[in-house]
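Undergrad: According to Swiss-Prot, the record shows the following:
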type    : residues                                        : note
BINDING : Gly3, Pro4, Ser5, Gly6, Ala7, Gly8, Arg9, Ser10 : ATP binding site
BINDING : Asp50, Ala51, Arg52, Asn53                      : GTP binding site
Amino acid sequence: MTGPSGAGRSTAINVLEDLGFEAIDNLPMGLLMRLLDGPALRRPLALGLDARNRDFSTEGFLDLSKRLASLEGFQVTTLYLDCSADILLRRFSETRRRHPMSPGSSPLEGVEHELELLRPIREAADTLIDTTALNVHQLRREVERWFAPSGGSMLAISVESFSYKRGLPRGLDMVFDCRFLANPHWQPDLRAADGRDPAVAAYVHADPQYLPFFTRVTDLLQSLLPAFRSEGKAHLSVGFGCTGGQHRSVALTEAVAKALAEAGGQVSIRHREMERRKPDARPD
């Protein structure tokens, strides 16, 4: 990926990283082949190449693109982020930054010089995204349209259980209180188990208030996910809390995470208190 300074390359590389790419920005061209000679890639690779780097040249970029395309086992796409000169000037003016190619000359001369330098790459690129009329959110959606798996934005969802006695975990976007549900702690045969145990989960699910609560929560989350994706949100963190963080919140976390995963979500689970729990600790 390349493009003129101010066209949005840093934003685009961050979007690709959110989509699961291994993203490296400002990589000197001379290091690229050495990078590929290293350990096998486990994820798609996104590389941002900057015309300001001292080893950058148009000819070198085009030659490198051809060499990469000829490698067996690699599918290579060249992405060029374009933008009109007047908008690039406006963006640099708004940020009060000097154009990197205009030391001792006018900003317009720097912008025009860089656009002319990159013109052959623009003409040879596989994919061109014109950011002239795009804001950050629109650019994110455009990059996702081209490069997201199955054509959709990836939104990572983490679902976490916790104990209110130990405070709310940091970084939660949404919190649900489970303390109104029947507490397995008061059942001697369930006290030592946790919410992943089928007997504990069945006890929690048998509470008449459980199903309406579970249904409303999952309906709410599933109705909001498209809006979060549309806004370019990369991660959603949802927490379920109960008194001790061992029974009710764990059972809800497991059930909600399963429902979201079955609906196509990229879901991870964390049970905070169980990570902290000592062998002699008492669940709620």
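Easy rule for this one: first residue shown is 1, then count along the chain.
Cβ atoms are placed via backbone N, Cα and C, with glycine included.
The model shown is predicted, which means the values in this text are computed figures rather than measured ones.
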Undergrad: I need the CA-to-CA distance for Ala51 (GTP binding site) versus Ser5 (ATP binding site), whole Å please.
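TA: Approximately 8 Å lies between the Cα of Ala51 (GTP binding site) and that of Ser5 (ATP binding site).
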Undergrad: Give the residue from the binding-site residues Gly3, Gly8 that has the most other Cβ atoms within 10 Å of its Cβ, counting over every protein chain displayed.
TA: Gly3
Undergrad: Report the member of Ser5, Ser10, Asn53 (the binding-site residues) whose C-beta atom has the most other C-beta atoms within 10 angstroms.
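TA: Sorting the candidates by Cβ neighbours within 10 Å, the top entry is Ser5.
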Undergrad: Pick the one among the binding-site residues Arg9, Arg52 whose Cβ has the fewest other Cβ atoms within 10 Å in this structure.
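TA: Output over binding-site residues Arg9, Arg52: least Cβ neighbours within 10 Å is Arg52.
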Undergrad: Whose Cβ lies within 8 Å of the mean position of the Cβ atoms of Gly3, Pro4, Ser5, Gly6, Ala7, Gly8, Arg9, Ser10, the ATP site, other than those residues?
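TA: The surrounding set, listed in chain order, is Leu81, Cys83, Leu88, Thr131.
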Undergrad: Between Gly6 (ATP binding site) and Asn53 (GTP binding site), how far is it from one CA atom to the other, in Å?
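TA: Asn53 (GTP binding site) has its Cα 15 Å from the Cα of Gly6 (ATP binding site).
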Undergrad: Under 8 Å between C-beta atoms and at least six apart in sequence, can you list the same-chain neighbours of Pro4 (ATP binding site), or say none if there are none?
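TA: Ala51, Leu81, Asp82, Cys83, Leu88, Val111, Glu114, Leu115, Leu118 - these are the non-local Cβ neighbours of Pro4 (ATP binding site), listed in sequence order.
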Undergrad: Looking at the binding-site residues Ala7, Ala51, which sits with the largest number of other Cβ atoms within 10 Å of its Cβ?
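TA: Of the binding-site residues Ala7, Ala51, the most buried by Cβ count within 10 Å is Ala7.
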Undergrad: Let me know the most crowded of the binding-site residues, choosing from Gly6, Asp50 and counting other Cβ atoms within 10 Å.
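TA: Counting Cβ neighbours within 10 Å, the top one is Gly6.
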